[in-house]
Ligand SMILES: Nc1ncnc2c1ncn2[C@@H]1O[C@H](COP(=O)(O)OP(=O)(O)O)[C@@H](O)[C@H]1O
Ligand SMILES: N[C@@H](CCC(=O)OP(=O)(O)O)C(=O)O
């Protein structure tokens, strides 16, 4: 293999997918041991590693000798609980053989939505890394219901990468990387070694249909790549059971698909607004406001707001869009939807008379506003 891309990252996130972590009848201990050894060896070189591991559901199914996920939610959650403890046991054992300790972190979408909990998670992860303990993160499947699930660990891993200001995201799966079409359906599918821009066809290459035990398929890996590369962080998708894959990547060998990062890095607060929050409504804005926020980097003022969609409180994340439904970006509102309905179209100097008081001139301050065009 040619050596082309020496990785100099100091803090990385590694994500292991369900298919690669499970064998025929249970967890694939060989893979778990190999990845643990590789992570441990990176840590011994002074690199900080955070592991996002799937496998709870797959391991639980195998343990209960079930062929597929049950339809009932309580049963699914019970399966995840059974599998998660086995998963952690396996990591506990394999990392202790390398003299490393592990910590289990189970997160929900709500934890990432709430800024206080989001920052708390960050502090805990920092402490673990200071103590040279390996954080093993998964979604808390046992309490999540379908509607509010993060859904796939590729996007969770991307959010952890942003949360922790990591320098690199490795997504390890059961295939060599991104192909130009679904290799399960097309025998002539070709591996794409490098993705520089997210043209529409990139998403068309990928089927969202995962492998037998996976969740998001290649599509969720591309979404994850969008998130991190738009924030200036590179990502590689590679085969997790290929021998010493992480160490070889660190030594500069080319494997898998490399997603090239954008040059400009988005501030971490803006990453949180863009990727962790679920918008609660929309503001339809006029062309003047579109140019002000898009071209001139200005805040969104009431005068540019035409209408309000949905009901939301002060501080909520909302989309702002044109009357043709083109989404321009996302931001945190200084006023609740009820008040925006009253002040829309007004000058900022008229807010006080209208509402009987004024805390802010802007509906969305530019520090709390992220443009879609900056999100890859
Ligand atoms: N264009 C593509 N390139 C590579 N793999 C693809 C593509 N389209 C669909 N896939 C499928 O996506 C699967 C990986 O996704 P998934 O099963 O969710 O893995 P994981 O469990 O590692 O997250 C591969 O096994 C492959 O069959
Ligand atoms: N939280 C789930 C993993 C869901 C998931 O994203 O799976 P995958 O697409 O295989 O990475 C579990 O542990 O089973």
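Backbone N, Cα and C atoms are what each Cβ position is placed from, and that goes for glycine too.
Note: TrEMBL annotation is automatic and uncurated.
The Cβ of residue 218 (ATP binding site) has 28 neighbouring Cβ atoms from other residues within 10 Å, across all protein chains displayed. As annotated by TrEMBL, ATP binding site applies to 15, 173, 174, 215, 216, 217, 218, 219, 220, 221.
DSSP assigns residue 54 (substrate binding site) to coil in the three-state reduction, placing it in neither a helix nor a strand. Taken from TrEMBL, the feature substrate binding site covers 54, 141, 153.
Residues belonging to the domain 'PUA' (281-364) score a mean pLDDT of 95 in the model. Taken from TrEMBL, the feature domain 'PUA' applies to 281-364.
For the substrate site listed in the record, the two most distant Cα atoms among 54, 141, 153 lie 11 Å apart. Closeness to ligand 2 is met by 54, 153, these being the binding-site residues among 15, 54, 153, 174, 218 whose Cβ falls under 6 Å from the molecule. When secondary structure is read from DSSP and collapsed to three states, residue 15 (ATP binding site) falls in the strand class. 174, 218 are the binding-site residues among 15, 174, 218 whose C-beta comes within less than 6 Å of an atom of ligand 1, given in sequence order. The DSSP breakdown of the domain 'PUA' (281-364) into helical (H, G, I), extended (E, B) and coil residues amounts to 26 helix, 22 strand, 36 coil.
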